Amino acid sequence: MKAIYRDMCPNCRGAITDERLAAKNPCDACLDEPISMDDYFQLVTAIRKALKLKGVLKEWEEIYALNKEVKEIEELFKKATGFTFWSAQRSWVKRIIKGKSFSIIAPTGMGKSTFGAFMSIYFALKGKKSYIVVPTTPLVVQTVKKIKAMMEKAEVKVNLVYYHGNLKKKEKDEALEKIKSGNFDILVTSSQFLATRFDELLKDKRIDFMFVDDVDAFLKASKNIDRSLMMLGFNEEIIKKAWEIIKLKKQLAKLLQNESGNEEVEKLNREIERLEREIERYKKENKIGILIVASATGSARGDRIKLYRELLGFEVGSGRSVLRNIVDTYIIPEKSMEEHVEELLKTLGRGGLIFVPIDKGIEYAEQLTNYLKSKGFKVELVSARDKKGLELFEKEEVDYLVGVATYYGTIVRGLDLPHLVRFAIFTGVPKFRFSLDLEQPTIYRVLGLMSEILEFLPEEKRTEGEKLYARLRRLIRNIPQYELMKIEEALAEGLELEGFYNHVLEVFKQAVEFLREALKDEEVLKKIAENPFLSLKQIEGKWYIEIPDVRTYIQASGRTSRLFAGGITKGLSVILVDDQKVFNGLIRQMRWRFVEFEIKPLGEINIEEVLKEIDRDREKVRLVLEGKISEQVKDLVKSALMIVESPNKARTIANFFGQPSKRRIGDLVAYEVSIGDKMLTILASGGHMFDLVTTEGYHGVLLLEKGGKRYFVPVYDTIKRCRDCGHQFVDWEEKGVCPRCGSRNVYDALENVKAMRDLAQEVDEILIGTDPDTEGEKIAWDIRNVLSPYAPVIKRIEFHEVTRPAILRAINEARDINEDRVNAQLVRRIEDRWIGFELSQKLWEVFENYNLSAGRVQTPVLGWIVQRYKEFTESETDFLGLTLENDITIILEGVSGDVQEVYVKEVTIEEREINPLPPYTTDAMLQDASRFLGFSATHTMQLAQDLFELGLTTYHRTDSIHVSNTGIEIAKEYITQEIGEEYFAPRKWGEEGAHEAIRPTRPIDTGRLIQLIRDGIITLPRNLTKDHFKLYDLIFRRFMASQMKPAKVLYERAVIGTPYGEVEIEGYIDVIYDGWSRIKPLPLKKLPRLEKDQILKVTEIRKWRAPKVSLYTQGDVIALMKERGIGRPSTYAKIVQTLLQRGYVIETKSKKKLVPTEKGIKVYHYLVSKYKDLVSEERTRQLEKLMDMVEEAKANYQEVLNELYEEILRYVKS
C-alpha cells in the first residue's frame, strides 16, 4: 500500500488504497479479501457476488449491469449475424446503453450499417421505435434486406415499415398509412423522404433510436437537423434556445479574440449558462431518444450542425484520415514517359492509376491511353465528361485508369476502392502552371502562387500581399467548391455577383491584380529563376511559372492507401520527374505537412517485398468487405482512450489523424479519431487531480507500524478550486462551499474523475500520455489507480515530442507505470508539505502574518538574492568610460580623473575556431530567454509548454543536451536546403538518456512557420503570440547552430595602458569562415586591428558612480541553481515564482533585477538563525540527490521519508 484515496471506492464511495484500486477491487470495508481473475467480466461478476453475499452491494452493480447487458446484446447479435462484436461495436453499444448520442467515424468495413440495422431490432424487441435514414433508394432496399435477414436468423419478429420510390402504388399507400398512424417498430427511408414528408407524416412521431447513415446526404437539407431533434423529443422552443447559445458562443469567441473587457464576457457567459441550465432541465423532465450519425468521410459544415453539440453533446467530425501508408518513390526518366509507364505496368501488375500533369492536359492523357491499349493493357481514360471507366474498373473489367492530376479530378477524389487500387504513377510532377499575365486564374492556384512568391517581394509589398492573402483565405474558408467556380467564372467574364460573394469576388480580383503587378518586377523574376523550388520557363515565346501542386499529390497518391477495418492499406506511388525544381518543391511541401515523409528512387526499394505487402492488405480488405472476417482481423481494431493533461495537447494529437468528432462528457471534451488499428478517444484530464489532505495524519500522511518499522502512507483527495476567488484547496470545511470567500461556485476535480470513469467503461484499453517526467508519472499513476476497476487494460505511453510518428511509436511501445518515478514524486511532495507546513506555522507565530510560507529549496535561493543585494549596496564606486578614436570603449573602475590618450601595451592576433554551444537544456533556455528576451522564468516555461503541446518543440523540462537521430535528420534537412550542405556538422552532444535536448520538431524556421500557419498548412488548436515566436526562434537557432561547422575568426587580445592602470580587451578582427555564425551572432565584439605601442586619442569621457556588483536576474538565479545542484528542470521556474508571489523578492521594472524586500530579508534571517541545518544549501543539495536515487531505484523511498521525518522531529518539533 502506497497511498489512500478518499471517496474513490467504486462500490461504497469510501476511502480506498492504491493496491485495491490497481487490483480492480472495492475497498477493504466492502470486501475483506481481494479477488483476482484474468478475465475482466468474470472478475466483475465474482466481486458482485461477494458484495451481494456480504449485503454491501452498491455502485458496483452499475459496472456489472453495463457489462452484463453488453454480453446479452452480443448474444443476440451473434444469433442475428453469426459474428461477435468488433471492439468498436462493443464501445458503441455501451454508449447506447448509457443513453448517449454520438457520431461514428469509422473506416470502410467496420460494420456501421450492420450495427445500425441490428440496434433497431434490439430496440424494437424492447418495445421502442427506431428510424433509419439512408441517402438513396438502393440503400433503403439494402438496409431492409439486411434487417429481414437478421430477424430471420435471430428468429424474432418486429414491425418493419419502409418507403422508397421503387415500391408499387399499393405498397406505397400501405407504407404511408402505417407511417401516418405510427404503426411501426422500425422505419427505414431516405433523407429526401424526411425532408419532404416531415410535416405531414413525421412531425408528431417520437423516436427512441435514430440512425443516420451518411451524414453528407442527410445534411443536404440542413433543416433535417431540426427535424431529427424534434422526432427525438425536443420542442421548437428548446431548439431555439440551443440556437441562441450557438450565436452567443460566436459573440463570445469574437470578444475573446479582441481581448474585450471582462464585464461583457461575464455577461455572455452568464446568459449561456442560464440557457444551458434550461436545456438540461428539459432533458431531465422529458424522455429524449438516442441519435447516431454515421459517416465515413462526412464534412459537416455550417452552424446548424452545432445544434447536436448543444442538445445532444456531440459534434460530427469528418473522418477524413490524414494517415498515409505509402511508399513514395521517383524515377529520373531516361527514355520516353510512355515507355517508362509500359515498363512499370509490366512490373507492378494490375490495379493502377496513372496521373498526367495538368500542363500536359487531356490530349496527352488520350495519347498515353491509346499507346497503352496498343501494347495490350486494359486501360481507360476517365474525365469529368466520360466516367464510364470507373464502373469498368470497379467491375474489374479494366486494370488501369488514366486521368489528369487536378485536385477535383474524377480519379483524384471520387475513388474509394481500397481492395482494387494498388499503386499510382505520375507522368510528371503534379503542378500548377501560370503564365505571367495569369490567364484564367482559379482561387486556389492564386493562393498557391501568392504563398510561393511573397518571400521574394520587397517588405512593403510583402506586407500588403500577406494581408490580401489572409483575407482571401479567410473569406473562402466555408464556401463550397461549386460556388468558388461561379466566382472564378464571374471574374473571367467580368460579371458582378450578389452580396457576400461579390465581396469575395472583389478581394479575388485584387489578389490577381497584385500578382500580375508583382510578376512584372524584374528583380522578383530573377529571384524566382534562382529559387531551387520553383520553375520559370519560356514556352513558345511566353513565360510561365510552375509550382508544385501538393494537395493533388496527397489526394491522388492517397487513393492507394485507405483506412479500412484493420488498418491502413499499403500503397505505392511512383513519380516520373519531368522538372527537378518543381520536384524539390513538392518534397519540401510534403515534409512540411508530414514530418515522417520520405521519398526514394524506385531502384532503391525492394519492390517484390512492397508488392507482397500491398497484396496482403488487399486480401484483408476483400475479406472484410465480403463479411468473411477472420477473428484475428477483428481483434486488430481496438477501442482505446488516450488521456493527456491539457486540451491543447489533446487537440493537437486528434488533428494528426483527420478532423475529429467531439463529445462532451461533463466539463470535458473528448475527441474521436480512427488511426487504423485503433478507434481512439483522446481526453484531457486537466493535470493534477489529487493532492495531500490537511486533516489527517501528520500533515496528510499517516504514520503506520509495519514489522516494527515506521511506515508512511499519504492520504489523497481531489483538488477543489473556487471559480470566484481562485482559492485552491483539498479539504471541505463545509461541503460545496469555498472556505475562503464562501462562494458555492466551486470546481471539484472529482467531476473530471467521474467523467473519465464514465469514458473508461466504453473502451478495451486506456493509454495514459501525461508528460514524460516524475510529475507526469505521478499524474499517470493517479489516473491508473482511479480508473482501474472500470477498464480491463491500462498502459502508460511516453513521448518527448507531440508529432504523429512519436505518438504512434509511443502507442506501440506502451508500458506499465514506472513505480520508481512515482516514489520519487511522492517523496518530493511529502517533503515539500512537511517542511512547508512546519516552517510556515513558525513564521505565522513569529511574524503574526498568515500569508508567509517557507520551503526547503526556496530558502537558500532567497539567501543568494539577499547576499547579492548586500554586496550590491556595499560596492558603490567611481567609473570612468573612455571612447577612443577607433571607436573602442574601455571602462576604468575606481577612477574619476581625466585621460587624454592611451596606448596599446600588448597585442596578440591569431586564428581561432569558435565552436557552437550545445542545444538548450531547461536552465540554459531560461537564462537566455531572461537575458535576450526579458522573459520571466514562469512566462518562458508556459510558452515552452505551449510549443511542446502544439507539436513545435520537444519536451522542455530536461537537463540533457543529447540529440537523437531524428533531431540530426531535421538539422541536416534544414541546413542542407536553406544554408548549404557544406555547413552541416552532425553532433550527438552527449550520452543518450531518458530525455533529449530542447529542439524544434521540424526543419522549419520562424519566418517559414509564420507563413505555414498563415497558409493553413500547419493548423494549431490555439493562436501563437509574438512571444511564442520569439522563444521558438531562440530554440531553433541555438539547435541549428549546434549542428553546424565551427566558425573561424581572426582573434585579437590586447592590453591597453592608461595613467590609472591597464585594461584587457578581446574580440575578433575578421571572420575567416562563418560556420554556425550564419544563423546566430558570435559571442565576441568586433575590434579594429591594433598595433603594439600604438597611441590612441580619447574622443569622449563619461563619469558616473555605481555599484561594482550587479543584482541577479531570474536567469542568473536559475544558472546558480543548476550550478549548485539545487532544484530540477521541473522546479526552477516555480521556486523563483514563489519568492515573487510571497513578496519576499521584487523585480525592477526596466532591468528586471531581483531585489529582496524587508519582509524577505527578515524571513530569511529568522529561518537561518533557527533552522540552519534544515534549510542549508548543502542539506538541500543532498536531498535532491536522494530523490534522484529514489527515481533510479538506488534508494528506498520509505527510508528516505523516515530520515526526513526524523530530521523534522529533531529540528522543528523539539
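Yeah, the Cβs are placed from backbone N, Cα and C, and that goes for glycine too.
Listed in sequence order, the residues of the same chain lying 6 or more apart from Cys9 (Zn(2+) 1 binding site) and placing their CB within less than 8 Å of its CB are Ala15, Ile16, Arg20, Pro26, Cys27, Ala29, Cys30. According to Swiss-Prot, the Zn(2+) 1 binding site annotation covers Cys9, Cys12, Cys27, Cys30, on the basis of sequence analysis.
The ATP binding site feature in Swiss-Prot is assigned to Gln89, Ala106, Pro107, Thr108, Gly109, Met110, Gly111, Lys112, Ser113.
Positions annotated as domain 'Topo IA-type catalytic' by Swiss-Prot, on the basis of sequence analysis: 818-1212.
Confidence across the region 'Topoisomerase I' (635-1214), taken as the mean pLDDT and rounded to a whole number, stands at 94. Taken from Swiss-Prot, the feature region 'Topoisomerase I' applies to 635-1214.
Look at Swiss-Prot and you will find 1-37 (among others) tagged as zinc finger, backed by sequence analysis. The DSSP breakdown of the zinc finger (1-37), given as helix, strand and coil counts, is 5 helix, 4 strand, 28 coil.
Within the chain, the zinc finger (719-748) has long-range Cβ neighbours (under 8 A, six or more residues past its boundaries) at 667, 688-695. The zinc finger feature in Swiss-Prot is assigned to 719-748 (among others); the stated evidence is sequence analysis.
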Query raised in the report: What's the CA to CA span in angstrom from Cys12 (Zn(2+) 1 binding site) over to Ser113 (ATP binding site)?
Result: 40
Query - Intrachain residues whose Cβ lies under 8 Å of the zinc finger (1-37), provided they are six or more past its termini - result: 43, 46-47, 50-51, 54, 56-60, 63, 690, 693, 702, 713-718, 750, 753, 757, 781, 784-786, 788-790, 822-823, 826
Query raised in the report: Per residue, counting other C-beta atoms within 10 angstroms of the C-beta, which of the binding-site residues Gln89, Ser113 reaches the highest number?
Result: Gln89
Query raised in the report: DSSP helix, strand and coil counts for the zinc finger (719-748)?
Result: 0 helix, 8 strand, 22 coil
Query raised in the report: Relative to the mean position of the Cβ atoms of Cys9, Cys12, Cys27, Cys30, the recorded Zn(2+) 1 site, which additional same-chain residues have Cβ within 8 Å?
Result: Pro10, Asn11, Arg13, Gly14, Ile16, Pro26, Asp28, Ala29, Leu31, Val56
Query raised in the report: Including all protein chains displayed, how many Cβ atoms other than that of Cys12 (Zn(2+) 1 binding site) lie within 10 Å of its Cβ?
Result: 18
Query - Structural state of Ser113 (ATP binding site), classified by DSSP into three states - result: helix
